[in-house]
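Engineer: Attaching a single structure in structure tokens format; questions to follow.
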Amino acid sequence: MTSFRTLDDADVKGKRVLVRVDLNVPMEDGKVTDLTRLERIVPTLTDIADRGGKVVILAHFGRPKGVDPSQSLKAVVPALADVLKRPVAFAADCIGEVAAQAVDAIRPGEILVLENTRFHKGEEKNEPDFVKALAANGDLFVADAFSAAHRAHASTEGLGRVMPAYAGRTMQAELDALTRALEKPERPVVAVVGGAKVSTKLDLLGNLSKKVDFLVIGGGMANTFLAAEGKAVGKSLCEHDLVDTARAIVAEAAKNGCRIVLPVDVVCAKEFKANASHRVCGIDEVAPEEMILDIGPKSVEHVVSILGRAKTLVWNGPFGAFELEPFDNGTVSVAEAAAELTRAGHLVSVAGGGDTVAALNQAGAADRFTYVSTAGGAFLEWLEGKPLPGVDVLRT
Ligand SMILES: Nc1ncnc2c1ncn2[C@@H]1O[C@H](COP(=O)(O)OP(=O)(O)OP(=O)(O)O)[C@@H](O)[C@H]1O
Ligand SMILES: O=C(O)[C@H](O)COP(=O)(O)O
């Protein structure tokens, strides 16, 4: 069995601990608008600090091409200090003299953020010299950015190869949850895959159909599967060029003993806007001028009954255009049912993906899920069954 060294195995006292976290948080007018990623890293940072380590934070922000003051991590430092309820120092570079002096200047138990690693091209190229320059400021490496672990960058993967490396608390929680959900799940396992387009989730559907017992397809992508069954989907978002691909996914799933679950009724409107005039209809009754914008009540009931018999749920992507009321209804109703089944101890539920997390928050259901991942791309790549370099480098 693969295992990971964790913070419990690390002797951090008096050491300079390079901690890779994800500070890629949403900002508006220089203020952080969602603190979730900052809150998640508190246990790791306080644990190292309280055990007498010097906490030296490495992170990226945005996708700058070289040094770009508008993408400086300095703007995130006040919010991080607020969340930690401790002072946080900042250094204007992540390597060289500036970084070395800042690391020298903090005492054991104190916390320092180094400037955006992506200001140096060696970060994304994972250049050995840049890895070396980062490593010069630390004695050990703690990886706590699962959400950046799909990147083989210097600060996510390179450092793990050149110094003693440990999984931080968030990384550990994420890996535990993901293992419970797909690697060693209690069966039956249900995957809900919604969202806009099949084309963005082909690998994911292929991988999940090998691993889960029920693959519930929702959102715009369900329309392509419905079209593949010969249903008329009117003006709905639908990738007609992918109907053969959809048929191949269904056939492959059947071979693997995985049941594909599609909507049996839908909510249709003629306009893509909030509170557009709408109606519920059977899946064979969509008119040429209509768009499917949500699943209907019978579909909700069907999905909820499947969840009622399941032990594990993995969820990525909403059932409908959840940003527009009342087309959030399907997503909200299924989310509420999943949250209650989880709270009652009947279900292990793991969800991820930017829009998915927004939809679960909107439904007031996120807090009752077993685990909600803050990762976007990394969560998707994990669902696709791809190796995550920032995780693999931690394996013992
Ligand atoms: N029937 C539909 N018609 C049109 N758009 C839809 C429909 N159902 C869902 N969507 C849209 O799909 C989008 C979400 O899909 P997406 O694949 O991005 O989800 P996600 O994987 O959770 O998010 P992310 O890509 O941010 O991680 C939403 O904007 C939603 O409005
Ligand atoms: O926000 C994210 O999903 C991570 O921080 C990764 O960011 P990236 O897609 O720019 O590598």
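Cβ atoms here come from the backbone N, Cα and C positions, even for glycine.
Automatic, uncurated: that is what TrEMBL annotation is.
Straight from TrEMBL, here's the annotation block:
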type: BINDING; residues: Asp22, Leu23, Asn24, Arg37, His60, Phe61, Gly62, Arg63, Arg118, Arg151; note: substrate binding site
type: BINDING; residues: Arg37, Arg118, Arg151; note: (2R)-3-phosphoglycerate binding site
type: BINDING; residues: Lys201, Glu323, Gly353, Gly354, Asp355, Thr356; note: ATP binding site
Engineer: How many neighbouring Cβ atoms, not counting its own, are there within 10 Å of the Cβ of Arg37 ((2R)-3-phosphoglycerate binding site)?
Structural biologist: 23
Engineer: Suppose we screen the binding-site residues Arg37, His60, Gly62, Arg151, Lys201 by Cβ distance to ligand 1 with a cut-off under 6 Å; which survive, in sequence order?
Structural biologist: none
Engineer: Which one of the binding-site residues (His60, Lys201) has its C-beta surrounded by the most other C-beta atoms within 10 angstroms?
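Structural biologist: Answer by Cβ density within 10 Å: His60.
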Engineer: Just counting, how many other CB atoms are there within 10 A of the CB of Thr356 (ATP binding site)?
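Structural biologist: Summing over all protein chains shown, Thr356 (ATP binding site) has 26 other Cβ atoms within 10 Å.
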Engineer: Just to confirm: which same-chain residues, 6+ apart in sequence, have a Cβ under 8 Å from the Cβ of Arg118 (substrate binding site)?
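Structural biologist: Listed in sequence order: His60, Phe61, Gly62, Arg63, Pro64, Gln71, Glu124.
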Engineer: Using a 10 Å cut-off between Cα atoms, which of these binding-site residues sit near Asp22 (substrate binding site): Arg37, Lys201, Gly353, Gly354, Thr356?
Structural biologist: Arg37
Engineer: Excluding near sequence neighbours, so keeping only residues 6 or more apart in the same chain, what lies with its CB under 8 A of Asn24 (substrate binding site)?
Structural biologist: Arg37, Ala59, His60, Phe61, Gly62, Ser147, Ala148
Engineer: Can you tell me how far the Cα of Lys201 (ATP binding site) sits from the Cα of Arg151 ((2R)-3-phosphoglycerate binding site), in Å?
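Structural biologist: Each residue's Cα considered, Lys201 (ATP binding site) and Arg151 ((2R)-3-phosphoglycerate binding site) end up 19 Å apart.
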Engineer: So which of Asp22, Asn24, Arg37, Arg151, Glu323, Thr356, listed as binding-site residues, have a Cβ under 6 Å from an atom of ligand 2?
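Structural biologist: Only Asp22, Asn24, Arg151 meet the Cβ criterion.
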Engineer: Whole-number Å only: compute the distance from the Cα of Gly354 (ATP binding site) to the Cα of Arg151 ((2R)-3-phosphoglycerate binding site).
Structural biologist: 18
Engineer: The record lists Arg37, Arg118, Arg151 as binding (2R)-3-phosphoglycerate. What's the largest Cα to Cα distance among them, in Å, rounded to a whole number?
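Structural biologist: Maximum Cα-Cα distance: 19 Å.
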